[in-house]
Amino acid sequence: MASALRPPRVPKPKGVLPSHYYESFLEKKGPCDRDYKKFWAGLQGLTIYFYNSNRDFQHVEKLNLGAFEKLTDEIPWGSSRDPGTHFSLILRDQEIKFKVETLECREMWKGFILTVVELRVPTDLTLLPGHLYMMSEVLAKEEARRALETPSCFLKVSRLEAQLLLERYPECGNLLLRPSGDGADGVSVTTRQMHNGTHVVRHYKVKREGPKYVIDVEQPFSCTSLDAVVNYFVSHTKKALVPFLLDEDYEKVLGYVEADKENGENVWVAPSAPGPGPAPCTGGPKPLSPASSQDKLPPLPPLPNQEENYVTPIGDGPAVDYENQDVASSSWPVILKPKKLPKPPAKLPKPPVGPKPEPKVFNGGLGRKLPVSSAQPLFPTAGLADMTAELQKKLEKRRALEH
């Protein structure tokens, strides 16, 4: 018998390695780290991505350069001279230290970071002409990317909301872009600065004229993108104005590192989110919370003129409105009045008495059994017939009193 044909094995699709402006091995030490940790790092846009290896597709950390302040060369602790392999990246709220293998690698990292942050090729670094050409190409790519990208300090808020954001989060910046209030295809710039102990809030108008943005000041200035508008305000105020950037250093997708069984490499795995459970039934009874020791007391009656939805306990019957009826005591059994009772028989038949259980025979004898045709529903005791007759007499007396 021929074995069943199996479909051909499809090779597992491999992800595409991310592209970066510049990438190399980089050792990083954050404010809370005790020692340096080695990563494969890549610069793309205004973000540095960190990977466990140069063959990983998913980053494990990232660092936003939106709050960039400056770069400085770092001399290792206990060393009398600069080995040319340490530098520090100072942001608005933290300082990160880096360590590379060579002086050339350090200058390359500093040059590419300054290129994307300041949108210019630095000229005060120890770089070769080929390095400067690479940075000029990155500058053109970054300018094209920002022309199509909305700055991070642009928020869809009103004028009042912009003022409140700058007031509530002063550590996040003091310059914010927002849609124009006149409904035109332009933007407005809101700033908040301290002057003589008083916070001063100012608003600037930016008009849209074709593909360009014109800043409406004494000498109108034309910009090719919104990012250029932000750079104009930052550069013309000697960096006194800082773009507003809320802290968003938290990931939205859960992931973990797992070793690939085929090649042994570490890969980043993002498990699929579990689907939502069944929706609770709105029309059904509400679940009862576990009762405490104080809930064992009988519930109090509801207050008048209050509309509350609550669940009636099982042991409590609904209130009954009685109209021209005798209310029976709770200690006596309540007999419901039927609409029409049949005439009682002249004499109640005596209920048959059930047979006694047959004695067990241990010596092999057989006990006698009743015929099957004589099996009838039996009363448990003979006293139940007397109680039925007594209730019947009471019912006849009540009917006589009513008539």
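A Cβ is built for glycine as well, from the same backbone N, Cα and C atoms used for every other residue.
Source: prediction; values computed, not measured.
When TYR204, TYR213, TYR250 are compared with the annotations in Swiss-Prot, the one labelled phosphotyrosine turns out to be TYR250.
Checking Swiss-Prot for coiled coil across the ranges 46-66, 88-108, 382-402 points to 382-402. All protein chains considered, the CB of TYR22 (phosphotyrosine) has 21 other CB atoms within 10 Å.
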